[in-house]
């Protein structure tokens with residue numbers, strides 16, 4: 001891990017590997033780390049988030065996964081960010097203390113999504129109570145209104161947030177409201193906050209308005225291709241960058257029509273990486289064999305600009 005280095009570029013939202021009987025499978029995390037670094041050129045991870053089924057895991061499982069990712073990522077990964085959000089404030093605080101104790105590079109929190117905050121002050125009060133339990137650890141807000149139902153605009157949330165949460169470092173922005181994201185970036189440039197976009201199929205649009213990078217599930221298996229898109233954008237070679245974005249979108253558009261979620265992501269990761277990711281936890285159910293065959297065929301049919 002690299003202390004003090006700004007979080008930017010690609011961050012893989014990690015899958016939680018499970019055994020066939022639904023227990024977490026820690027034994028493949030080391031292999032997973034090496035795969036991300038060596039095959040996908042991705043050196044940042046976001047653990048126990050949506051893709052990782054974080055809210056379907058118990059506290060002990062989340063701690064064990066966090067420990068294994070920090071341990072296996074030592075000297076290999078730049079950032080291991082642990083999502084510590086939960087419905088219960090004491091659970092969030094316990095997970096935040098644990099993440100600090102094991103040396104995580106950052107913690108992130110979603111808004112509570114059963115009893116919801118209804119305004120900025122309520123949400124910041126909740127986030128502050130979590131962040132204060134890890135006072136030396138960078139803190140990120142995980143904005144995902146399609147799943148939490150909390151639609152408080154991030155632009156509004158960030159106003160004066162450093163005074164309330166001194167460790168605040170940025171946002172994982174998983175929403176299609178690019179106006180809100182643009183206002184955040186425009187108004188907070190001097191703060192050096194990190195804005196990581198979470199809608200993989202629209203990343204190029206977010207980069208155009210100043211996003212620092214992205215957190216997403218596709219970077220587990222399309223990280224190398226997306227890194228080439230980032231390089232093309234930086235040149236700038238927008239035509240090439242668009243080509244990569246359109247091809248990523250072509251695959252996602254195809255699988256979304258088949259039904260695409262965490263279970264299907266686990267299936268794709270298994271056949272791309274060769275690492276058994278196992279089933280999801282109920283109420284999610286396994287991807288069908290039909291999905292696996294069609295998704296694999298589609299992914300293999302794409303001709304990328306680099307010739308692969």
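Including glycine, each Cβ sits where the backbone N, Cα and C put it.
Note: TrEMBL annotation is automatic and uncurated.
The feature active site, proton donor/acceptor is assigned by TrEMBL to 142. The feature active site, schiff-base intermediate with substrate is assigned by TrEMBL to 172. Annotated pyruvate binding site per TrEMBL: 51, 215, in sequence order.
Under 8 Å, Cβ to Cβ, and six or more positions away along its own chain, residue 51 (pyruvate binding site) finds 13, 14, 15, 217, 220, 262, 265. Rounded to the nearest whole angstrom, the C-alpha distance between residue 142 (active site, proton donor/acceptor) and the residue listed as 'active site, schiff-base intermediate with substrate' is 5. Across the structure, residue 172 (active site, schiff-base intermediate with substrate) and residue 215 (pyruvate binding site) are spaced 7 Å apart at their Cα atoms.
Using a 10 Å radius centred on the Cβ of the residue listed as 'active site, schiff-base intermediate with substrate' and all shown protein chains, the other Cβ atoms total 28. Contacts of residue 215 (pyruvate binding site) defined by a Cβ separation under 8 A and a same-chain sequence distance of 6+ are given as 11, 12, 13, 46, 49, 172, 174, 196, 197, 198, in order along the sequence. Cβ contacts within 10 Å of residue 142 (active site, proton donor/acceptor), excluding its own Cβ and spanning all protein chains shown: 26.
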